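Novice: Just dropping this structure here.
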Amino acid sequence: MKSRAYLFYTLLSCFILLFSACQENRKLPVYGQREAITVKNPDGSTSIDTLYQSIPAFRFLNQDSVYIDNATFKDKIYIADFFFTSCSGICPVMHRNMKDIYEKYKDNPKVMFLSHTIDFKYDKPNVLKRYAKKLGVNTSKWQFAYGEKEPVYQLAKDYLVAVFEDSKEKENYVHEGYLILVDQQKHIRGAYDGTNPDQVAQLLKDLPVLLAEDNK
Amino acid sequence: MRRTVLSLIFIAAIASMIYSCQGADQLKQDIYYTNGRDIYIKNCQNCHGVNGEGLGALTPGLTDSIFLKENKQKIACIIKYGMDSTITINGQQFEDKMPDFNTLANIDLAQLIVYVTNSFGNKQGMYTPEQVAADLKKCSN
């Protein structure tokens, strides 16, 4: 009887060890193009390092008509997406899901949100402000960015999100519904379909992993 | 004895026939409800939500059963032609435009109305394509 209990506890602790090991090792991938570069070490020797794709510098007006740029997201991890306020297709459900995450991380200053409008004709900062208010967002934690067509559509490519104008479409604009997870180094660490509950749940699981990584 | 058994079986048969007739109406409503749910998921759920909860002050919820009851004859028009005017539901103003869904046929609208008015705390029963057709003749826009 005693040996059986002993066996049981040994097995149990083995399993606990195994599972905790799995958890700790989980690391999010880095998305996008990468290239090998030669770097110079302090001692004069050279070695090869990987240069990952990262989000380039940008400067846009936000919902308060204030310019935001890379510095706004310095030392933060953030979730970015592309949308437009008059969109009745996938945008409402994307932002419904993003709002849930926003509420969950309201008290965590390390997490931010960034929504780029692709409707450069109508979605001026005052329209974005009204939209944010109605969505129930009234902090600078969630930035809504307005910019000219050229820089915004170019930036979407850097986020690996397809956006374009299509006059044959009822609402004139077409875009993918990805929520893009960006780390402190501006690398893309995840892309989740903001309309798919399973993928949004995965994003919620991945966020703590990325937060833990940056704390090291 | 035998006669009693036979007459009991006969009565049971008649009763079950009547019961299944009543069931036919319920069955039809259930079919409408199920089809309506598919249409809802495809066209409405993005804004109005899985549970008809709406979205902030952007999209009204569908849980105000009094509003839906009082405006039942207008629902078909609102879905088919959209809505541009401000409405107040539960003390909250909603001023954003609702898009039109003018590709939906009367039968689709009827099924959708059956789904919406029998979900999210509403329980208003059946609605037919004929009622929808009559409603659509009276649309204000």
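Cβ atoms are placed via backbone N, Cα and C, with glycine included.
Just so you know, TrEMBL annotations never went through curation; they're auto-generated.
Per TrEMBL, the features are:
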type     : residues                   : note
BINDING  : A:Cys87, A:Cys91, A:His175 : Cu cation binding site
DISULFID : A:Cys87-A:Cys91            : disulfide bond
DOMAIN   : A:49-209                   : domain 'Thioredoxin'
SIGNAL   : A:1-24                     : signal peptide
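If you look at the structure here, what lies around each of the features I listed?
Specialist: According to DSSP, A:His175 (Cu cation binding site) is assigned to a strand segment.
A:Cys91 (Cu cation binding site): 27 other CB atoms within 10 A of its CB, across all protein chains.
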Novice: Determine which residues of the same chain, besides A:Cys87, A:Cys91, A:His175, have their CB within 8 A of the center of the CB atoms at the recorded Cu cation site, and list them by sequence.
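Specialist: My list of surrounding residues reads A:Phe82, A:Phe83, A:Phe84, A:Gly89, A:Ile90, A:Met94, A:Ile118, A:Glu171, A:Tyr173, A:Gly177.
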